[in-house]
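Asks: Structure in structure tokens, see below.
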């Protein structure tokens, strides 16, 4: 595996063990089937339990049986999972960074006890509802509301592009509390919506996308027709006066700080994961170039092919160093969201372009699922866009460097 500057030598025993465990998991459970899952658009939901048994969900948290591993260990885990597939890494990062993290950080002890053990074990699946049909890069303008009703709230609105929504047991829904006073700003709050409440029924037609009618006016649907992240379940959540009790609100946070802090956690994992996808493409291209013979010898002897390998290796190594530095800063408590934006922006763009170059080196063979670059290239189109688009992260950096916001 590409490690040109010997970062391996800096890893401690725990970090090596977690990396090796994740690598073995991918080799055994993901690589043999991922091409078929991608072609058929199948989400490998059966992996949740196996991943839970290996403590792949929110392992940096210290609560109950959660191990409280280092940020570098978590990064290496994301790297190895995404070397298998971005959809598999998303299963772990959404469950951990976007669901378990806010419950742990902002939830009540009762909420932690209700959800964290099952989520950690993979016995329950969670999703994170922030993006809306008309509010992607501008989540502060969300339209989903929670209106007080007795000893609870009525939720109304739609969330879209939600990983795991069609299969989730619980959703962290971000909404505005509408108290009916037009003169005051409605505060943003997180709400835990139990998607397995009594009375749930599921229906799936032969040609229609799956729709799940939830009791209390909650419905989820699968987003079909994706050409990227095909081995991942993505859907919408429709809330129509769905009632939740007052104790469903996350008590520990108010305002956009809540969802944005979750996104920072997830983006940290993505910065590492993108390195894994790029490294997988590089290794496939290097092996192909040394084995494939044309004009009487391996194509790796040609200068143009060597230049591509050298450029890919340099860019991957640079991204490895950036991710590794994030881990050091995070462990010290000094990591800023803008630094995470830099790494997410750089490393995902790098992985996107490395995947395209690797596909090119494989020629016609590179467009099949027999080799990983085309699949990674397709997935990177999603990763380039979600958890903050490339352009949004550019503007975040620009504002941090100049002190001038390009948007409000």
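For all residues, glycine too, the Cβ spot is worked out from N, Cα and C.
What TrEMBL shows for this protein is this:
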DOMAIN    14-123  domain 'Acyl-CoA dehydrogenase/oxidase N-terminal'
DOMAIN    127-241  domain 'Acyl-CoA oxidase/dehydrogenase middle'
REGION    195-220  region 'Disordered'
COMPBIAS  195-206  compositional bias 'Acidic residues'
DOMAIN    255-400  domain 'Acyl-CoA dehydrogenase/oxidase C-terminal'
Asks: With DSSP helix as H/G/I and strand as E/B, how many residues of the domain 'Acyl-CoA oxidase/dehydrogenase middle' (127-241) fall in helix, strand and coil?
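Replies: Counting residues per DSSP class in the domain 'Acyl-CoA oxidase/dehydrogenase middle' (127-241), I get 6 helix, 57 strand, 52 coil.
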Asks: Mean pLDDT across the domain 'Acyl-CoA dehydrogenase/oxidase C-terminal' (255-400), rounded to an integer, is what?
Replies: 98
Asks: Under DSSP, the domain 'Acyl-CoA dehydrogenase/oxidase N-terminal' (14-123) has how many residues in helix, strand and coil?
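Replies: Residue counts in helix, strand and coil order: 79 helix, 0 strand, 31 coil.
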Asks: Over the span of the domain 'Acyl-CoA dehydrogenase/oxidase C-terminal' (255-400), count residues by DSSP class, listing helix, strand and coil in order.
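Replies: Counts, helix then strand then coil: 120 helix, 4 strand, 22 coil.
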